[in-house]
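Listed in TrEMBL for this protein:
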type    : residues                                          : note
BINDING : Ser32, His63, Arg83, Val84, His85, Ala115, Ser219 : phosphate binding site
BINDING : Glu200, Asn242                                    : purine D-ribonucleoside binding site
DOMAIN  : 26-278                                            : domain 'Nucleoside phosphorylase'
Amino acid sequence: MSRNDDERIKNICNFLKGKIPFQPVIAIVGGSGAAKLIDMFTDPIIIPYSDIPSFPVSTVPGHLGNLVCGELNGKKVILMQGRVHLYEGIGAKEITLPIRVLKLLGIEALFLTNAAGSINKKMKMGDFCIVKDHINMPSLSGTNPLMGPNNDEYGPRFPSMTGAYDKKLRAKAKEVAKQLGIQDRVHEGVYSCQAGPAFETPSELKFFAAVGCDLIGMSTAHEVIVARHMGVRCFCLSLVSNECVMDVDEEREPNHEEVLQTGKDRSAQLNAFIAAMVADYV
């Protein structure tokens, strides 16, 4: 991390401290389907990303680009309505800058949501998956948000990613699924991140299946790496937005409209799940 990066992060943090009248405990990164979680907040403060000096701005349909600050089920929470992605032409350090800012604001835990395609045939469109681990293809091929000089103020040079997805939070999520009566539609599995924006080829998907991936998307892993680098607990809930095409001769094709529609159809259940996780957080 360069000195300029450090100064930029701290300047954003100081700007937000002047807007947010509390220290947050939890941050939520809302992907497709989580935009309306704001409706469950008490007296939310809405800060557009574009109003925050030098803050990365979302450009993807379905990602509203707001920072929402308020109380959710008795906890002080910040909600990111949208994220930025590698496929927007933004580097790994840039897409994870908000996570560093959130940690400096005081968060203990990061709850992430995303829309993902199912590789595991047991996971159907509209199901949820508690992420227990990830395979980050950009990182394995030379793109990692921790590359470059390390700032020991933020975390160690070589952080462990074992147990990156908090075991206690995953156990709590299984309890929440039972409380909501949706345990039959909630799975646990391994998430694979690819850079995008092109969807995967059938042969690529067969490769991911062979190495143990259950679902695939274009976000999340870099955010988790940076959060764990800074000692933040992580939980991720994926919405299965489409079932991956793994036969080269199949005529069905994935599309972003399908992803957005599934997000709309399952948004109420997704939001209820995350809100219950917040309520039970200790």
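For all residues, glycine too, the Cβ spot is worked out from N, Cα and C.
All TrEMBL annotations are machine predictions without curation.
The Cβ neighbour count for Ala115 (phosphate binding site), using a 10 Å radius over every protein chain in view, is 26. A simple way to gauge crowding: the CB of Ser219 (phosphate binding site) has 29 other CB atoms within 10 angstroms, across all the protein chains here. Rounded to a whole number, the C-alpha distance linking His85 (phosphate binding site) with Glu200 (purine D-ribonucleoside binding site) is 16 angstrom.
The Cβ of His85 (phosphate binding site) has 23 neighbouring Cβ atoms from other residues within 10 Å, across all protein chains displayed. Using CA atoms as reference points, the binding-site residues His63, Arg83, Val84, Ala115 were checked against Asn242 (purine D-ribonucleoside binding site), and the closest is Ala115.
When the alpha carbons of Arg83 (phosphate binding site) and Glu200 (purine D-ribonucleoside binding site) are compared, the span between them is 21 angstrom.
For Glu200 (purine D-ribonucleoside binding site), applying a Cβ distance below 8 Å and a minimum sequence separation of six or more within one chain yields Gly117, Gln194, Phe208, Ile216, Cys244.
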